[in-house]
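Novice: There's a structure below that I have some questions on.
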Amino acid sequence: MEIVCEDFQKVLTKIKLLRENANIIEETVQRSVREIVQNVRESRDEALFFYTKKFDGVEIKDVRVSEEEIKQASMFVESSFLEALQEAKKNIISYHEKQKRQSMFDCTSKGIIRGQIIRPLENIGVYVPGGTASYPSSVLMNVLPAKLAGVKKIVMVTPPRAGGIDPHILVAASLAGVDEIYMIGGAQAIAALAYGTESIPKVDKIVGPGNLYVALAKREVYGIVNIDMIAGPSEIVVIADETGNAKYIAADLLSQAEHDERATAICITTNIELAKEVEKEIERQLETLPRSEIARESINRNGAIFIVPSIDEALQLSNEIAPEHLELHIKEPMNALAYVKHAGSIFLGPYAPEPLGDYLAGPNHVLPTSGTARFFSPLSVDDFVKKSSFLSYTEEALRDVKHHIVELANKEGLHAHAKAIQIRFGEEE
């Protein structure tokens, strides 16, 4: 891992280049994704079966997972796994319950009523990855907020493997309350949820992380359906001062690097000695990681340790990066929280490692990446509701303000708007 001692702007330039390189890859893949989406839109199930055989190496005739298969899945998982899943579910629910909001209205003495109705989406599709790793935790993180919001129908898609779907995924789906599960993955699954096929129902919104093909397919169908966000490769930034523990920091950086060769792992520190220790620890820990090949490629391609003169500058740099995950391994991390403007999720102190948020603590692990934490937020109950405004005026209330409406409408050249007000008071011309 490279240790960089350069000024602020040079560091930002390096990070910008990393993201631009990722965009070049995206442009190449986008053409392929567009073709897949169009074929599924036109050929429906036929295209689904074709792409499943082509990309997953599995020949299927029926994409729906049966109720019997879901029930039997519990026979193939460990009791310790089920206990961990139950604990995670409890924490996710307790955290997200506090996000629920109520419809509201206000009224005045003249009989003006204004308000907002909050309603759950009717149906959603959840994408659960199933490539180089299986993610039961993603099932809980995507489904439970939707259940709390009151979504009526939740459909899940996940790539098939030889022999079916990982039983841990099926158990998590059953525990979370998924209504229907389909063995389909990749861009073709996103297209099926967006347009519907003979087997898979069209949904109103698609959520859940996936690989580059999945992310670009979500971008392609946005507007036909709603989506949560365009999620890129995983990212972590660790800010550390001289109190940082090199073993902890290295382990946390590698926890993200092992996701994907395109993942980004950055340490920003004020202490050169700590930087050297972190570098050594990364090499040492890589030797024992089962996914060391992926993690090493990620570290070599997108990893760096930046030396800065102060924690203030470290925070400033982090705000420019706007990382998915930010860890603060510094004295009094809570005091620094107010200065963090842009980050998907923030982890304070040495005993709040990023995997705690990935699995168990309760806050959602579906987070904005690639700098989009500047304007996107973690997945929440709000993502599964929609809002409608309503208003009611009495004749007297409208009469009091009609001249303002007419003035504004005429200024915009929308005279029928003005007339719609005037006609109610015999002022037609």
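Even glycines carry a Cβ here, placed using N, Cα and C.
According to Swiss-Prot, the record shows the following:
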type     : residues                                               : note
ACT_SITE : Glu324                                                 : active site, proton acceptor
ACT_SITE : His325                                                 : active site, proton acceptor
BINDING  : Tyr127, Gln188, Asn211                                 : NAD(+) binding site
BINDING  : Ser234, Gln256, His259, His325, Asp358, Glu412, His417 : substrate binding site
BINDING  : Gln256, His259, Asp358, His417                         : Zn(2+) binding site
Novice: Please report the number of other Cβ atoms within 10 Å of the Cβ of Gln188 (NAD(+) binding site).
Specialist: 29
Novice: I'd like the Cβ neighbour count for Gln256 (substrate binding site), meaning other Cβ atoms within 10 Å of its Cβ, all protein chains included.
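Specialist: Here the count is 29.
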Novice: Translate the DSSP assignment of Ser234 (substrate binding site) into the three-state scheme.
Specialist: coil
Novice: Highest CB neighbour count within 10 A among the recorded positions His259, His325, His417?
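Specialist: Answer by Cβ density within 10 Å: His325.
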Novice: Determine, to the nearest whole angstrom, how far the Cα atom of Asn211 (NAD(+) binding site) is from the Cα atom of His259 (substrate binding site).
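Specialist: Just about 10 Å between their Cα atoms.
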Novice: By Cβ count within 10 Å, point out the most packed of the binding-site residues listed: Asn211, Ser234.
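Specialist: When each Cβ's neighbours within 10 Å are tallied, Ser234 tops the list.
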Novice: Look at the recorded positions Glu324, Asp358 and tell me which residue has the greatest number of other C-beta atoms within 10 angstroms of its C-beta.
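Specialist: When each Cβ's neighbours within 10 Å are tallied, Glu324 tops the list.
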Novice: Setting Tyr127, Gln188, Asn211 aside, what same-chain residues sit with their Cβ within 8 Å of the center of the Cβ atoms that define the NAD(+) site, listed in sequence order?
Specialist: Pro129, Val157, Pro159, Gly185, Gly186, Ala187, Ala189, Ile190, Gly210, Tyr213, Val214, Ala217
Novice: Where the record says Tyr127, Gln188, Asn211 bind NAD(+), what is the longest distance in Å from one Cα to another among those residues?
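Specialist: Across Tyr127, Gln188, Asn211, the widest Cα separation comes out at 12 Å.
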Novice: Ranked by the number of other Cβ atoms within 10 Å of their own Cβ, which of the binding-site residues Tyr127, Glu412 ranks first?
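Specialist: Highest number of other Cβ atoms within 10 Å: Tyr127.
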Novice: For His417 (substrate binding site), just give me the three-state DSSP call.
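Specialist: Helix, per DSSP.
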Novice: Cα-Cα, whole number of Å: His417 (substrate binding site) versus Gln188 (NAD(+) binding site)?
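Specialist: Distance between the two Cα atoms comes out at 45 Å.
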Novice: Which of the recorded positions listed here (Tyr127, Gln188, His325) have a Cα atom within 10 Å of the Cα of Gln256 (substrate binding site)?
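Specialist: Cα within 10 Å of Gln256 (substrate binding site): His325.
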Novice: Listing them in sequence order, which of the binding-site residues Gln188, His259, Asp358, Glu412 have their Cα within 10 Å of that of Glu324 (active site, proton acceptor)?
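Specialist: If one measures from the Cα of Glu324 (active site, proton acceptor), no binding-site residues come within 10 Å, so the answer is none.
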